[in-house]
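Notes follow once the structure below has been shown.
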Amino acid sequence: MVRRTHGNSQEHVTKHIFVTGGVVSSLGKGLTASSLGRLLRSRGIHVLQQKLDPYINVDPGTMNPFQHGEVYVTEDGAETDLDIGHYERFLDVFLSQKANVTTGQIYQEVLRKERAGEYLGQCVQVIPHITNEIKSRMRAQASDDVDVIITEIGGTVGDIESQPFLEAAREVRRDLGPDNCMFVHVSLVPYISAAHELKTKPTQHSVMMLRQLGISPDALVLRSDRPLNQSIKDKISLMCDVDAEGVVNCVDAPSIYDVPKILFEEGLDAYVVRELGLPFHDVDWDEWADLLERVHHPKHEVNIAIVGKYIDLPDAYLSVTEAIKAGGFANWAKVNVKWVAADRCETTEGAAAALDNVDGIVIPGGFGIRGIDGKIGALKFARETKLPALGLCLGLQSMVIEYSRHVLGIEDANSSEFEPDCANPVIATMEEQKDIVAGKGDMGHTMRLGSYPAELEEGSLVAELYGTTHVTERHRHRYEVNVAYKDRLREGGLRISGQSPDGELTEFVELPQDVHPFYVATQAHPEFKSRPTKPHPLFAGLVKAALDHQAAR
């Protein structure tokens with residue numbers, strides 16, 4: 001543990017590392033923060049992570065996936081930024097709602113306090129009231145058993161929206177002291193092909209802008225598409241007044257899982273340990289080295305399609321993609337993810353063409369009627385051709401609708417989400433969600449969210465894959481399998497292989513293995529609990545089934 005000495009007594013201090021970004025967005029601040037966190041964790045240091053998002057939305061739960069990408073759900077039901085998924089996967093930890101803070105949350109709380117009279121008549125201002133609230137969120141995860149909090153500040157230095165967050169970070173350093181706080185700035189060193197030169201000026205200007213806000217970075221992570229020589233690093237060290245040891249190069253890598261190794265070889269984690277006075281232990285590479293061996297030296301290769309409606313922005317399915325890849329790692333297989341627009345699969349011919357040369361499909365979650373007929377068409381094709389299929393959330397609902405229409409003969413089977421007055425709503429609005437759907441309540445943070453238990457049926461494929469009949473998974477939905485149709489589904493051959501403990505909510509469905517080798521769906525989002533070093537059993541099972549399908553061709 002990290003201690004601060006006061007006379008003869010010692011007080012634990014949770015230290016802070018702030019990760020900022022400059023020049024352009026999408027440099028990989030989240031992956032840099034995650035990789036540094038992984039390295040510190042591998043040195044025996046207890047690390048938690050956090051993302052501060054400058055947008056005014058309270059959370060990303062109501063944002064368009066094409067704008068924001070995936071909404072990542074935590075164990076306690078927070079709808080968060082996709083970077084929280086990177087943090088959990090790299091550190092192999094469960095984070096809470098404290099891990100994601102937005103401008104909307106900050107202003108909402110400050111205005112609540114103002115209306116309640118908690119500021120005792122003060123004129124409420126950005127400084128100190130907004131910044132104090134930000135600081136309290138920054139420190140919310142600090143405790144006696146947490147050594148370091150790594151906080152990623154979203155956006156790019158110079159954005160007007162992020163200035164209160166940067167000011168709050170500056171004040172945290174002032175409050176805790178420079179020995180307990182560190183700033184890591186991620187910047188771009190672009191290559192100008194016409195001049196055949198790498199340019200340092202953008203980084204110099206980015207650091208200058210950061211200094212104008214009262215922050216001098218302690219370390220620079222320089223992103224580039226080719227290695228930087230020592231003379232460029234030395235120049236940046238001099239011009240930006242950063243120790244030479246703190247200037248590291250993170251060149252583009254074949255896999256995101258290579259980034260911890262790159263930063264280690266550049267010495268970033270050792271530099272951070274020294275600067276913050278953390279206990280020095282060697283990095284335990286055993287688990288990560290095994291992962292990299294599976295990433296770079298697979299024994300098999302297989303194609304799996306994601307049939308979705310947001311495929312133009314792959315980040316909308318980031319955790320699904322990473323979970324599929326992790327399922328490949330479990331089987332020493334490289335998985336080539338094929339992106340298939342659901343609309344292409346609305347007809348039998350379209351599905352056959354779109355899913356040609358794939359050995360498995362995933363039907364991910366989503367909202368709204370667009371693309372639903374294509375998802376149903378893809379599942380019909382997979383069921384009839386014995387193509388391995390895994391449905392997630394809306395994927396389960398699509399599987400139930402498809403089976404009801406084409407096997408049970410309920411031609412007008414549908415979901416009340418898509419057809420509120422349908423005669424056969426095999427998928428119905430959850431009772432507690434009806435007022436929300438009717439417009440009588442807030443849409444934000446009102447779905448069935450977070451971790452819930454399920455009981456699996458003995459002898460089912462899902463119970464075999466999990467190795468237990470008691471599981472918990474994370475959820476994000478308003479609709480469920482209509483209990484009035486459960487007996488009819490069972491009698492028609494669709495196995496309800498997992499339910500909520502009270503037996504009301506259908507959590508898993510599947511076809512018996514003598515009917516189909518792998519036709520499984522869950523109402524949950526198991527992708528959120530997958531780790532590259534601990535692949536989720538459903539995704540590992542899908543990849544294994546895909547390899548078997550490939551071998552049988």
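Yeah, the Cβs are placed from backbone N, Cα and C, and that goes for glycine too.
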Which of E349, E417, E458 belongs with G366, L394, G395, L396, Q397, R478 in the L-glutamine site listed by Swiss-Prot: E417
One of K51, K135, K233, K235 listed by Swiss-Prot as binding CTP at the site of S25, D159, I160, E161, K199, T200, K201, P202, T203, Q204: K235
Among D83, D92, D144, D145 - the residue Swiss-Prot places in the same ATP site as S26, L27, G28, K29, G30, L31: D83
Among D83, E152, E417, E527, which are recorded positions, the residue with the most C-beta atoms within 10 angstroms of its C-beta: E527
DSSP three-state assignment (helix, strand or coil) for Q204 (UTP binding site): helix
Candidate recorded positions L27, C393, E417, pick with smallest Cα gap to K235 (CTP binding site): L27
Arithmetic mean of per-residue pLDDT over the region 'Amidoligase domain' (1-278): 93
Entry from the binding-site residues list S26, Q204, Q397 having the most other CB atoms no farther than 10 A: Q397
Around the Cβ of K201 (CTP binding site), the count of other Cβ atoms that are within 10 Å: 11
Cβ neighbours of K199 (CTP binding site) where a neighbour is any other Cβ within 10 Å: 14
